[in-house]
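K.L.:
Pasting a structure below so you can have a look.
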């Protein structure tokens, strides 16, 4: 697409369109405070020569040659109408006008505040990863191995998030995961990242909903043979789609409440675990307790099964790996398996198209969410390791032969928990995690807290369902961004009058209907469930790697542009620490996680596990190579990286609304606000 290509800009007020403003591969925000339309730019020189009263624009350096024929779909940049207060997102897109649908019905609304953005991410992160999947990590790696696994994964995720936050702060564009890959690396990479991310989020919805339906079987009235889990999923899905078709402002308030409840629940549960460990919570009448235990399960001299690590890395029930190799495998499997618990932290950046002040709110939300989740996760895994022995028989094992999925018969039993304290329902399926295999529930049952275990299980159901709700929001916005960028059919751009991308929401929801394939209590359903779980975690890691690669290119491209704001300037929106080494660390870590995402195939080879582990990587390569062949894309040279479109408009918008944003305050008041900000970042 050459500069000077014809395109249109619509405004919420219905004014005349502007033609030939920028390449059609961009969606730019137009501030409607001006009485006249901006001039037409035919090239970078004209664009950079233009100046406004609010911002002094420097000419593009003659020593650099920007790309005159840019790849399509480099991003979506939208700014709300501050004057009218409507929050409409004014869009230019690559797909062109749709004669059958009003232009204003292809626009999102900028109504999300920082608190909304944070809780949307919390809704996606706090699912079953920490609450249910952590039992397998504890059984495989021991308490210290689990802590180290979460610590290493947290470091990788931190590298990804701060790198992503810096790019979004300077150039706040919707669909940044795909857009930054296209803009800073290769358009085919942007497409592959965007498609795989949408697909992984879409199929994550049925996994969370199915998990919620299975967790309900903890209670006797929900015997899966009397009330099939599929019946429960209907109600779960109905509520999810109902919330997601509401105006984004209402959805955000609902998600804010859900996120706060989940944070309060997790924090309360952690406190209960530490108090229980000291024996300060008496058991219910007629029940027994094993507490206090203090650090008993960390003391290897107390029992061969105790200690910071497991005695050996268990491959199968008859095969073990001892020594330093076994310890390394324990830590690495903990790293790989904990990735699922951190999936969703990047949801913060997906709100760029609907955030009121993205340059201010997105970096703050990114830091706050990461530190809150990371600190709570580390406290949580410490509490689990203190209260539950890694050798507990009900914890799921590391390796389950694939034949076991087909040969064993699934059953549901309602009876006493292994400690003889509490009555509960259990789905008997080797290798499958349920509420009774959760370390949190096991600890409460061992402490004679049967009512507490039941309440916690109810909260697990809510957390799983809420995560599915967040994933539908995130996946539909990803699909919408791909359509606006011209990478998907333009029908997916269509929005309601309230700014909800209704076609993207409904289409993604149809993917969620695959939940009925995994909602029946039989071995086939559990086999499909395992495959879907694999399809959700690996693409997310690929996306993290793509973010780090995009940042590395962005970092070096920015150094070639001395005419614009640099990282060492006070006016730079957000400077992430220790770059570019932080991004390199994140990239290398993510690549290793993708390559060695399942140690099973390297220890006990089975072709089914091989396919399940790497089918996502194959899908990514097909998308990358197919799009590259179809569009004849190429890697963008560093000297031609576009760092202007989107950034310049936000600079102007920011200067015009500086009083509202509170970004021009100086002196004691300004320093006080910054100090209070960091206090909020590092505390709950």
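Any Cβ shown, glycine's included, is placed from N, Cα and C.
Note: TrEMBL annotation is automatic and uncurated.
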K.L.:
Can you dig out which of the ranges 369-390, 391-412, 413-434, 633-654 TrEMBL describes as transmembrane segment?
P.N.:
369-390
K.L.:
From 197-219, 289-311, 312-334, 335-357, which range did TrEMBL mark with transmembrane segment?
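P.N.:
Comparing 197-219, 289-311, 312-334, 335-357 with TrEMBL, transmembrane segment matches 197-219.
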K.L.:
Is the number of Cβ-Cβ pairs under 8 Å between the transmembrane segment (541-560) and the transmembrane segment (581-603) three or more, considering only pairs separated by 6 or more positions?
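P.N.:
Judged by the Cβ rule, the two regions touch, with the required three close pairs present.
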K.L.:
Six or more residues out from either end of the transmembrane segment (446-467), which same-chain residues have a Cβ under 8 Å from its Cβ atoms?
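P.N.:
Here the qualifying positions are 123-128, 131-132, 204, 208-209, 211-212, 215-216, 218-219, 236, 239-240, 258, 261-262, 265, 269, 272, 276, 281-284, 287-291, 344, 387-388, 419, 421-424, 435, 438, 440.
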K.L.:
Count the CB pairs under 8 A between the transmembrane segment (609-630) and each of 119-138, 197-219, 231-251, 581-603, then give me the winner.
P.N.:
581-603
K.L.:
Out of 119-138, 197-219, 231-251, 581-603, which stretch touches the transmembrane segment (257-276) the most, going by CB pairs under 8 Å?
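P.N.:
Ranked by Cβ pairs under 8 Å, first place goes to 119-138.
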K.L.:
By a Cβ-Cβ criterion of under 8 Å, what residues six or more beyond either terminus of the transmembrane segment (197-219) are in contact with it?
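P.N.:
Beyond its ends, the transmembrane segment (197-219) has Cβ neighbours at 127-128, 132, 177-178, 229-230, 232-233, 236-237, 240, 343, 412, 424-427, 434-436, 454, 457, 460-462, 464-465, 467-468, 471-472, 474-475, 478-479, 482, 508-509, 511-515, 517-519, 529, 532-533, 535-540, 543, 616, 619.
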